[in-house]
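Participant: Pasting a structure here, questions to come.
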Amino acid sequence: MADVVLGSQWGDEGKGKLVDVLCEDIDVCARCQGGNNAGHTIIVKGVKFDFHMLPSGLVNPKCKNLIGSGVVIHLPSFFEELEAIENKGLDCTGRLFVSSRAHLVFGFHQRTDKLKEAELHETKKSIGTTGKGIGPTYSTKASRSGIRVHHLVSDEPDSWKEFETRLSRLIETRKKRYGHFDCDLESELAKYKVLREKIKPFVVDSIEFMHDAIKDKKKILVEGANALMLDIDFGTYPYVTSSNTGIGGVLTGLGIPPKAINNIYGVVKAYTTRVGEGPFPTEQLNEDGEKLQTIGCEYGVTTGRKRRCGWLDLVVLKYSTLINGYTSLNITKLDVLDTFKEIKIGVSYTYQGKRVTTFPEDLHALGKVDVEYVTFPGWEEDITQIKNYEDLPANAKKYLEFIEEYVEVPIQWVGTGPGRESMLEKNI
């Protein structure tokens with residue numbers, strides 16, 4: 001059976017730390033969607049590891065790690081990230097595997113991404129993409145013109161010729177679309193001949209890999225990237241990523257059935273942040289927002305961009321819970337609220353004089369809602385050294401209990417600091 005860790009907001013909730021804690025007793029950790037547009041930071045014994053594409057389970061020396069078929073992979077970035085974490089002392093030998101069905105991100109995908117974003121910026125409709133080529137790669141996947149890992153590594157006769165043909169067509173299509181598009185086929189082929197041999201030892205049939213693990217009753221943890229509000233179907237479209245970031249993406253990205261899922265853990269930051277463009281009802285463009293940003297060190301792991309900050313939005317969390325079916329929640333970064341005299345939680349929206357308790361799909365309406373808040377007294381004390389949930393200040397527990405009651409899902413963990421030791425487990 002597989003447990004799943006999913007982001008419940010707009011990403012950057014701190015999923016990596018929960019994955020790190022859970023991986024201490026896990027046999028397999030798998031990524032199911034997204035690419036290196038995501039970012040997790042894990043601190044182990046004072047050493048900081050930044051994960052973008054690779055599964056966070058690599059910090060556990062006994063855990064095998066899979067990049068599933070729903071992930072899109074930029075091979076140069078894959079090897080750069082692998083080298084970076086190995087240089088910090090992680091031995092990944094024989095523990096990292098890549099699905100033969102995963103699609104490849106090429107340099108021209110990344111250039112296309114940036115050119116499209118520049119065009120949108122001129123029309124003031126910028127999405128705020130990371131520029132990593134994720135969207136254009138999923139576009140070629142959907143149009144059935146993409147290149148998968150097996151196209152690159154296959155030893156079948158004429159397989160390299162097919163790879164050349166596919167790559168040539170993709171490059172020519174972009175040259176026709178962008179007259180100034182710079183991408184040389186021969187240099188790309190030379191680069192990928194080298195990468196072909198480097199990636200081969202990592203490649204597996206991910207369907208067989210996952211189902212063997214399920215059959216052998218291995219403990220499996222699936223690490224979702226991004227978050228539900230960035231889902232291509234259920235997020236604040238078009239200000240979303242290009243994959244299914246909810247529970248559906250777990251099934252399609254790994255090729256496992258619903259009955260293989262056990263627990264679904266929703267990770268919730270104690271306030272709300274968002275990177276890039278798009279609606280954000282509880283955003284605080286004031287001293288409170290600046291304080292959250294400063295104390296929370298709210299900068300994107302992947303882009304370095306400053307995150308927009310606001311109060312916790314329970315309309316968003318309730319919506320996310322309905323879709324993903326969380327069995328329990330992990331509240332992160334509660335300590336960021338330590339110095340606030342008052343703390344607010346958004347509980348409903350009002351649009352054109354009417355109360356709205358569900359999340360609107362119409363962004364025009366969403367941009368005009370007024371948020372109804374419940375105000376809580378702060379605890380105004382340092383909680384970073386607290387080791388047991390029961391020892392949290394009374395006002396902190398009231399804040400957490402309100403969240404539980406509103407979304408009707410128990411809180412299982414509370415984060416009170418950056419390290420893996422700063423995770424309080426609550427009896428549920």
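Glycine too: its Cβ is placed from the backbone N, Cα and C atoms.
The GTP binding site annotation in Swiss-Prot covers 11-17, 39-41, ARG307, 333-335, 415-417 and is backed by sequence analysis. According to Swiss-Prot, the feature Mg(2+) binding site maps to ASP12, GLY39. Taken from Swiss-Prot, the feature IMP binding site applies to ASP12, GLU13, GLY14, LYS15, ASN37, ALA38, GLY39, HIS40, THR130, ARG144, ASN226, THR241, ARG305. Swiss-Prot lists ASP12 with the feature active site, proton acceptor, giving sequence analysis as the kind of evidence. Annotation comment: Swiss-Prot describes HIS40 as active site, proton donor. The annotation substrate binding site is assigned in Swiss-Prot to VAL301, THR302, THR303, GLY304, ARG305, LYS306, ARG307.
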Participant: May I ask for the distance between ASN37 (IMP binding site) and GLY11 (GTP binding site), taken between their Cα atoms and rounded to an integer number of Å?
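Facilitator: Counting only the Cα atoms, the answer is 11 Å.
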Participant: List which of the recorded positions HIS40, THR130, LYS306 have their Cα within 10 Å of the Cα of LYS17 (GTP binding site), in sequence order.
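Facilitator: The recorded positions passing the 10 Å Cα test are HIS40.
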Participant: Return the count of C-beta atoms lying within 10 angstroms of the C-beta of THR41 (GTP binding site), excluding that atom itself.
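Facilitator: The answer is 17.
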Participant: GLY304 (substrate binding site): which of the binding-site residues GLY11, THR41, THR130, ASN226, LEU334 is the nearest Cα neighbour?
Facilitator: THR130
Participant: Out of the binding-site residues listed (THR130, ASN226, ARG305, LYS306, ARG307), which are within 10 Å of THR41 (GTP binding site), Cα to Cα?
Facilitator: none
Participant: Quick one: of the recorded positions GLY39, HIS40, THR130, ASN226, ARG307, which has its CA closest to the CA of GLY14 (GTP binding site)?
Facilitator: HIS40
Participant: Return only the integer: C-alpha distance in Å from GLY11 (GTP binding site) to ASN226 (IMP binding site).
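Facilitator: Cα-Cα distance, GLY11 (GTP binding site) to ASN226 (IMP binding site): 5 Å.
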